[in-house]
Amino acid sequence: MNTTSEPSFRQSVDIMFNRAVALMDLPSGMVEKIRVCNATYTVRFGVRLRGGIQTFTGYRAVHSEHMEPVKGGIRYAGNVNQDEVEALAALMTYKCALVQTPFGGSKGGVAINPLDWNEEELERITRRFAYELIKRDMINPAQNVPAPDMGTGAREMAWIADQYRRMNTTDINARACVTGKPLNAGGIAGRVEATGRGVQYALREFFRHPQDVAKAGLSGKLDGKRVVIQGLGNVGYHAAKFLEEQDGCCITCIVERDGAIICDTGLKVEDVRNHLRETGSVRGFPGSKFIENGAAGLELECDILIPAALEGVINLDNAERIKAALIIEAANGPITAGADDILRERGTVIIPDMYANAGGVTVSYFEWVKNLSHIRFGRMERRQEEARHELLVDELEKVKTAGGNNLVLSENFKKQYLHGAGELELVRSGLDDTMRDAYQSMQAIWHERADVKDLRTAAYLVSIQRVAASYATMGL
Ligand SMILES: NC(=O)c1ccc[n+]([C@@H]2O[C@H](COP(=O)([O-])OP(=O)(O)OC[C@H]3O[C@@H](n4cnc5c(N)ncnc54)[C@H](O)[C@@H]3O)[C@@H](O)[C@H]2O)c1
């Protein structure tokens with residue numbers, strides 16, 4: 001965050017929370033219980049590296065245990081701190097409640113820049129941090145289940161899972177101690193793409209409602225919409241790629257850490273990603289204009305702005321200059337509370353983080369269930385579906401043979417129909433269903449209540465109501 005007069009990330013989340021509870025009829029004690037972060041564990045641990053001992057600082061915050069396990073990613077970034085993990089843990093509570101994954105909220109991180117360390121060193125740092133959390137039950141399939149976040153991915157999750165297994169050799173559910181693992185280590189198809197895929201499904205759902213599209217001052221479908229995206233990491237890359245290749249969006253600007261590239265006729269996301277991988281920068285991407293001040297890319301004319309990197313990037317400094325009609329928060333907390341006020345006043349529609357990036361935790365839930373059930377996901381349903389489809393196809397064949405009509409089933413159709421959905425299709429359809437349902441639950445409040453002016457407040461209302469109901473039922 002650039003502006004000293006801005007609240008911290010956690011304070012920003014609290015301001016948005018308070019705006020919502022002011023419209024609710026909850027006892028003040030309950031409001032306070034939900035708002036506060038239950039506990040934050042800080043650990044300073046040493047690892048023998050590069051001929052000496054290096055000391056690192058790590059955190060795991062548990063915001064709400066109204067449901068267990070609690071869930072939330074582990075972030076590796078230089079500026080990870082207690083305020084940030086507590087804000088992110090709170091967002092996890094509200095996110096899980098909104099998309100109805102049965103978890104409380106948590107988040108963790110280590111204050112390191114992963115680019116400063118090689119793979120072997122990162123493995124030793126990760127295993128040591130995991131050890132510190134596992135021995136305090138802060139990684140455990142029944143209590144606290146991490147996942148990837150900025151700076152971490154499937155590789156780190158595999159190390160954490162292995163560390164847990166070594167320390168808990170008789171735990172048959174060991175694999176469920178962390179999600180976002182590689183497929184061959186108990187992961188699930190579609191987890192890597194899940195958060196970006198969820199952003200795509202969220203936008204598709206938004207554009208199914210012309211009334212909502214009109215509120216943003218837009219019209220028509222997703223096809224042809226001009227999109228600016230910040231961050232071409234896990235979330236940003238998948239979101240941008242799917243929107244470009246499958247929904248006909250025109251990606252006019254990509255903002256990365258060292259600057260931004262602009263191309264009015266549209267950037268090929270896959271090619272930009274390859275260029276970024278090969279050169280470490282977006283600079284010099286053929287057919288594009290490079291600007292050193294990447295943040296200026298956020299201020300370009302466009303229909304949809306997708307911040308998918310850091311928190312606080314839309315703040316009091318630049319909010320007035322943001323021109324996008326619609327902002328979808330793929331990152332957590334990219335808009336500060338002050339900027340949110342400015343944009344809301346101006347009528348910019350914001351699809352809030354707790355909904356927009358919930359695809360990750362949704363598919364993490366599928367992975368956790370798969371690990372606990374010890375069966376290849378969807379396997380039984382698939383056989384059952386196949387049996388039903390066989391009956392249908394036999395019947396159609398009989399109709400055809402009897403000369404009832406001219407129906408001809410192609411071999412290709414039969415193959416696709418009979419083989420039903422694989423794990424990836426099941427995961428995607430489950431995610432799509434979740435994103436549609438959650439959108440409609442926010443939207444109902446946005447449309448029905450005159451005092452609820454924006455989707456974020458509506459999302460908070462849905463979530464807080466559910467968390468409160470959970471506490472009220474189980475007691476404190
Ligand atoms: N990974 C997930 O499943 C997941 C789930 C929910 C939310 N999120 C949120 O999405 C955001 C991104 O996470 P990710 O997993 O994609 O991280 P990532 O580490 O894979 O990617 C982050 C990208 O942002 C870029 N970046 C860093 N600093 C930048 C800057 N100043 N300007 C522009 N780009 C910059 C990095 O180069 C990188 O390409 C975070 O807010 C995270 O909390 C991630």
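Just so it is clear, glycine is given a Cβ too, placed from its N, Cα and C backbone atoms.
For LYS107 (active site, proton donor), the same-chain residues lying six or more positions away in sequence with a CB closer than 8 A to its CB are ARG60, ALA61, HIS63, GLY72, GLY73, ILE74, ARG75, VAL85, GLU86, LEU88, ALA89, LEU91, MET92, ASP149. Per TrEMBL, active site, proton donor is recorded for LYS107.
The substrate binding site annotation in TrEMBL covers LYS71, LYS95, SER364. Sequence-distant contacts of SER364 (substrate binding site), defined as residues of its own chain at least six apart whose C-beta falls under 8 angstroms from its C-beta, comprise LYS71, THR101, VAL145, ALA147, THR179, GLY180, ARG191, ALA194. Secondary structure at SER364 (substrate binding site), taken from DSSP and collapsed to helix, strand or coil, is helix.
In three-state terms derived from DSSP, ASN234 (NAD(+) binding site) belongs to a helical segment. The NAD(+) binding site feature in TrEMBL is assigned to THR195, ASN234.
The site 'Important for catalysis' annotation in TrEMBL covers ASP149. Residue environment of ASP149 (site 'Important for catalysis') contains 26 other Cβ atoms, counted within 10 Å of its Cβ in all protein chains.
Recorded residues LYS95 (substrate binding site) and ASN234 (NAD(+) binding site) have their alpha carbons 19 Å apart, per Cα-Cα distance. Each of the binding-site residues THR195, ASN234 was scored by the other Cβ atoms within 10 Å of its Cβ; the lowest score goes to ASN234. Checking the recorded positions LYS71, LYS107, THR195, SER364 against ligand 1 with a 6 Å cutoff on the Cβ atom leaves THR195, in sequence order.
When every Cα pair among LYS71, LYS95, SER364 is compared, the largest distance found for this substrate site is 13 Å.
The Cβ centroid of LYS71, LYS95, SER364 marks the substrate site; residues of that chain outside this set whose Cβ lies within 8 Å of it are GLY72, MET92, CYS96, THR101, PHE103, GLY105, ALA147, ALA358, GLY360, VAL361, THR362, TYR365, given in sequence order.
LYS71 (substrate binding site): 28 other CB atoms within 10 A of its CB, across all protein chains.
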